[in-house]
Amino acid sequence: MKYISLKWFGYILALVIASVFCIAYLTLPSMPDTRAYIARATKYDVEVMRDGLGIPHIYGKKDIDTAFGLGYVQSEDDFETLQSVLLATRGTLAAEIGYKAAETDFVVQFMGVWDAVNANYETQVPENIKQIAQAYADGVNLYAAQNPEHVSRYFLPATGKDIIAGFTFKMPMFYGFDQILSDLVDPDVMHEVAKSQNALIWQPTNALPIGSQGIAIAPHRSEDGLTHLLINSHQPLTGPVAWYEVRLHSEEGWNMVGSTFPGAPVIIHGHNDHLGWANTVNKPDLVDIYQLTINPDNENQYLLDGQWKTFKTKVAKMTIKLFGPLRWTVKKEINISEHGPVMATEKGSFALRWSGMNEVGTLEFMFAANKATNKEQFEAALKLNSMPSINFVYADKAGNIAHYYNAKFPKRIDGWQWDKILPGNRSDLIWTEFYDFSAMPKTVNPSSGLVYNANNTPWLATDGDDDAQESQYPESMGIETSVTNRVLQIEEKLKGVKKISKGLFKEVKYDLFYHPKSYQITALRKWLAQQQSVDLSQIELGALDALRSWNLSTHKDNQEAALAVLTMAPIQKANGKPVEMKKITRAFKNTVAQLVKYHGSYTPPYGDVYRLKRGQKNLPMSGGPDILRAVYGQEMDQNGQIENIAGDGFMMFVSWDKNGVVQSDAIHQYGSATKDSNSVHYNDQMEMFVAKQERRVLFQRAELEKQVERRYRPGFR
């Protein structure tokens with residue numbers, strides 16, 4: 001059988017060089033007549049007001065008017081990313097940017113994203129959701145029509161189906177589908193086999209973890225008697241899943257503020273008048289891998305229940321830009337078994353089945369959550385069971401608080417290790433049903449008056465005894481048991497505090513310490529205890545003493561923090577799994593060498609190393625990986641600096657007073673003009689962000705009217 005492997009894309013360029021003039025074509029799609037997109041805009045009734053920081057506040061008459069406005073303003077502020085997101089969703093990004101996007105285009109087709117959308121859009125997507133999706137697309141199309149110099153010939157028109165497909169494609173990535181797929185085709189990654197098959201050790205190479213946290217405090221636990229909510233997701237600071245701040249309002253009851261991603265026509269996390277929520281990533285086991293037995297006499301058949309079954313097949317087509325107008329179309333056959341699509345690798349043929357395959361209802365859920373006015377309506381949205389994963393930390397004006405460990409859990413039969421490779425010859429292992437909302441782990445209105453999540457197990461959601469209990473949930477749900485440094489610090493600072501003040505709440509969010517019992521410090525101290533002076537130079541011995549004296553803080557002035565955080569990089573990457581001591585030693589030696597080379601010392605102030613950069617601004621940062629003040633960096637540059645590229649970004653503090661009136665404060669790591677380096681709003685919030693300050697959210701129109709910088713109707717400025 002021919003291998004279907006992501007790695008074969010690495011050889012595309014070599015093949016092209018040999019045969020480019022035979023197979024490349026010079027034609028490009030022509031740009032469509034855009035007058036219809038401009039004319040279509042006249043059906044929408046919406047006004048955009050940008051405040052003194054350039055943040056868009058969108059006021060539409062109907063919900064669709066507001067969605068149209070959102071599509072337009074997101075295009076204004078970052079059309080480049082939005083266009084790339086939609087091209088990737090279609091599986092056509094490589095036609096625009098080249099071979100580096102071919103893997104993404106293949107994965108879209110391997111997952112059957114458009115098979116699902118085309119089959120289910122008309123029957124399973126409610127009419128009002130289709131209208132919201134199309135209105136957003138119309139806003140994007142209007143901007144594109146007005147700015148054709150920025151538009152790919154593969155782009156227009158954006159459609160409502162594109163928007164729905166975006167959720168079908170992206171949501172499984174939040175619980176790690178892409179990592180599992182990558183590991184499956186990597187010959188260096190070994191996979192453990194379930195039940196009685198020969199066991200191998202599976203040690204996947206996890207990407208650098210990016211966390212999030214949400215905290216909600218009930219009135220009886222807060223010092224001021226108010227309900228409080230922290231919204232603090234940790235994402236990349238730029239790109240397709242970087243937060244975009246916006247205010248949405250319609251006369252049909254849509255009244256949200258918060259942030260969203262490019263391509264999403266709703267607020268993903270934030271608040272309305274009545275309630276709000278924070279999202280954090282959870283990672284239950286929602287992907288199953290089945291090893292197939294292939295018929296030795298017919299590679300198009302596999303064994304199931306004692307019979308040879310013939311694969312269904314489809315052909316993935318990736319059009320790849322070479323240079324200039326040259327494009328090359330690659331075709332690859334994909335087999336599909338009863339389980340799902342099949343990946344043929346050097347280790348065998350494996351079928352995949354995952355939660356969210358064929359899902360087209362995620363936008364319906366998100367829109368219902370946006371318009372919910374109480375806990376019952378919010379839970380009704382969750383009961384749609386159309387969001388494959390993601391935690392929700394919830395609070396509302398009635399004083400309700402909750403942690404919902406949301407996931408679309410497959411109903412699997414007992415007695416199998418579902419996190420291992422499964423035999424593909426048994427149909428009883430092919431699940432078809434899901435648990436409903438009642439089976440979801442949740443902690444609702446605990447007596448302690450406090451709930452939180454920091455990408456940790458749902459069995460640790462409050463400092464009281466009201467958490468969901470692990471013993472009440474089937475092992476086959478695959479719920480993680482991980483404990484992060486951040487959740488340990490939340491508990492450390494709040495446990496036993498009878499009344500939580502607003503000041504303490506903020507202090508917790510911006511905490512800079514590693515917990516002594518965190519997996520990072522536990523592993524570091526184990527490594528320190530094993531170090532022998534004979535293996536180290538005099539400079540390294542001095543650095544070792546400095547490391548032993550570190551107080552576990554990541555404050556920008558701390559002189560041991562850079563040495564410690566960089567030494568712990570392999571520990572952090574392993575995310576709680578065992579780490580070879582030699583990897584930590586290698587990281588330590590490299591860190592000492594780099595710090596001495598660029599800073600003349602292995603103990604420079606932490607903020608001299610970790611920096612937030614945008615345009616001409618370059619500011620020192622406090623915080624670090626898996627710190628409540630989350631900072632994740634890239635490689636050290638030639639100036640000895642590490643740029644903050646992920647972690648804390650857009651965040652909100654929300655409260656409801658005793659009369660149910662909402663108030664919130666927020667901050668963005670850069671500014672509202674995310675791509676326009678000529679705009680004052682490109683980086684005008686950086687100083688406040690670094691100083692751990694927020695500004696008042698202009699949720700009431702009367703407040704906004706006093707600070708309007710610019711107002712316009714999309715297409716008619």
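For all residues, glycine too, the Cβ spot is worked out from N, Cα and C.
Whatever TrEMBL says is automated annotation, not expert-curated.
Classification of Val287 (Ca(2+) binding site) by DSSP places it within a strand. TrEMBL lists Asp285, Val287, Asp288, Asp466 with the feature Ca(2+) binding site.
Under the heading transmembrane segment, TrEMBL lists 9-28.
Taking a C-beta cut-off of under 8 Å and a sequence gap of six or more, Asp466 (Ca(2+) binding site) has these contacts in its own chain: Thr443, Pro446, Ser447, Ser448. Counted over every protein chain shown, other Cβ atoms within 10 Å are most numerous around Asp288 among the binding-site residues Asp285, Asp288. Non-local neighbourhood of Val287 (Ca(2+) binding site): Pro172, Tyr175, Gly176, Phe177, Ile180, Leu352, Arg353, Trp354, Ser355, each in the same chain, at least six residues away, with C-beta under 8 Å from its C-beta. In the three-state DSSP assignment, the secondary structure recorded for Asp466 (Ca(2+) binding site) is coil.
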